[in-house]
Amino acid sequence: MLVKVFSFFILMIIMVIGVSKEYCDDKQSCQNLLLELKAGSSSLSEIRRRDLLIIVLKNSVRRIDMAMIGVMDDTKQHEEMENDMLGVKEDTNLFEEMMESEENSHTWLSSVLTSYITCIDEIGEGAYKRRVEPKLENLISRARVVLALFISISLRDNTELISVIPNGPSWLFHVDKKDLYLNAEIADVVVAKDGTGKYSTVNAAIAAAPQHSQKRFVIYIKTGIYDEIVVIENTKPNLTLIGDGQDLTIITGNLSASNVRRTYNTATVASNGNGFIGVDMCFRNTAGPAKGPAVALRVSGDMSVIYRCRVEGYQDALYPHSDRQFYRECFITGTVDFICGNAVAVFQFCQIVARQPKMGQSNVITAQSRATKDVKSGFSIQNCNITTSSDLDTATVKTYLGRPWRRFSTVAVLQSFIGDLVDPAGWTPWKGETGLSTLHYREYQNRGPGAVTSRRVKWSGFKVMKDPKKATEFTVAKLLDGETWLKESRIPYESGL
């Protein structure tokens, strides 16, 4: 019997690793991980594809969790890093629920890898980095291998799929069905500068929100300019901020890379909680074009929705950092890489507006940072208008649709208006030839003077799509798995093309 079990598992290894080199670059690491899992499993003779997925995921979470202990011991002397690691560790507590769907599991694993890479990017230099970096690299390596195995197993046989929850996981849009088109009578708490609300600051209202709640908590923010740095912790899911309008309710700050070491922490508003919804307000960073990265809004929680909001900044203005996000009817303006990050994000019916950058700079709309082919991430810009602000001198400043922050950067521009501000090349390199053959840049049925593709870049990673089936891969239904969760948000959306 033991011989049978072992032989079966070796067969599974051959099947999984043999799916193709395309899905597991480091075959030895994948095989070693599977052998680790075999040693801890007692009944593999009856294993099915779904069971193998669960074994891989559960055991990997446990091993990643153990590996994190060593990193966190070192980060106790570094408050920012410790908070980041605690955030990732907190996310593992949701994993049992996330496993109820392959889509959720893939998103979660991608998010974990994104968090590790963000940490190592922003550690800085010196003795601390030399001590912590090897441990973080170990975490990144393990997360990459787990992702590769996950993809390989998932693609083996789609006749037995893990069931997808009809309306998203229980922590999102729970039994309460509070309508998003709110007023002060329906909101849980009201923020007002004039004293007519329970709180006068946004931070005070967020502090009052319950932790780990499965019910939605709605904060209505009345007209006013709120000069404060707002951080929504990942212990506060299902939070809604709703204002009186994107020109009336404004949260503003001016942190930048010139006075805060990490781009990640420059955000005027940072949401780390799953199920975040922002409606009818403005997120602003006034640091200016000369101060470097300065984020107005960073979103790091899964199944987040930004609706009818204004995001206003310069470099790195909007930072869709990780997980699934949906932006609808928003006004987004900036200069260099002003939509950047590693989220799975779809933008529909948004105004994307390039403004005047620092002298000598070019504008770049997107800097998507998908690091490996197994990570689930990418930006889709659908039915949007890409235009210029009145202050942009298009005669002297070039504007591009995007550049690859990392090798597998993924961006699609679909059915959108592209103004004449966009350079005929369309896209620009990050550094030399890096990523030009591995990125995924796509355009489909765009219009406007900047949509002409005859002079676009000749990179092998760039394509003009003709087949609607291929373009469909970048829609809400396919890219976001939006049909399983967006409808409960009551935000309008287009599922397909």
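Cβ coordinates are placed from backbone N, Cα and C, and glycine is handled just like the others.
Annotation comment: Swiss-Prot describes D316 as active site, proton donor. Over all protein chains present, the Cβ of D316 (active site, proton donor) has 28 other Cβ atoms lying within 10 Å.
Positions annotated as active site, nucleophile by Swiss-Prot: D337. In three-state terms derived from DSSP, D337 (active site, nucleophile) belongs to an extended strand segment.
Look at Swiss-Prot and you will find T263, R403, W405 tagged as substrate binding site. According to its DSSP assignment, W405 (substrate binding site) is coil. Around the Cβ of W405 (substrate binding site), a 10 Å sphere holds 21 further Cβ atoms from the protein chains shown.
In the shown protein chains, 24 other C-beta atoms lie within 10 A of the C-beta of C350 (disulfide bond). Following the DSSP three-state reduction, the secondary structure of C350 (disulfide bond) is coil. Feature annotation from Swiss-Prot assigns disulfide bond to C330-C350.
As annotated by Swiss-Prot, N-linked glycosylation site applies to N238 (among others). Secondary structure at N238 (N-linked glycosylation site), as computed by DSSP, is coil.
DSSP assigns N254 (N-linked glycosylation site) to coil in the three-state reduction, placing it in neither a helix nor a strand. The N-linked glycosylation site annotation in Swiss-Prot covers N254 (among others), and the record cites sequence analysis as its basis.
Following the DSSP three-state reduction, the secondary structure of N385 (N-linked glycosylation site) is strand. All protein chains considered, the CB of N385 (N-linked glycosylation site) has 16 other CB atoms within 10 Å. Swiss-Prot lists N385 (among others) with the feature N-linked glycosylation site.
Taken from Swiss-Prot, the feature signal peptide covers 1-21, and the record attributes it to sequence analysis.
When other Cβ atoms within 10 Å of the Cβ of Q315 (site 'Transition state stabilizer') are tallied across all protein chains shown, the result is 30. According to Swiss-Prot, the site 'Transition state stabilizer' annotation covers Q315.
Cβ contacts within 10 Å of N254 (N-linked glycosylation site), excluding its own Cβ and spanning all protein chains shown: 18. For N385 (N-linked glycosylation site), the nearest of the recorded positions T263, D337, W405 in terms of C-alpha separation is D337. The two recorded residues, D337 (active site, nucleophile) and N238 (N-linked glycosylation site), show a Cα separation of 29 Å.
If you check the recorded positions N238, N254, D316, C330, C350 against T263 (substrate binding site), the ones with a Cα inside 10 Å of its Cα are D316.
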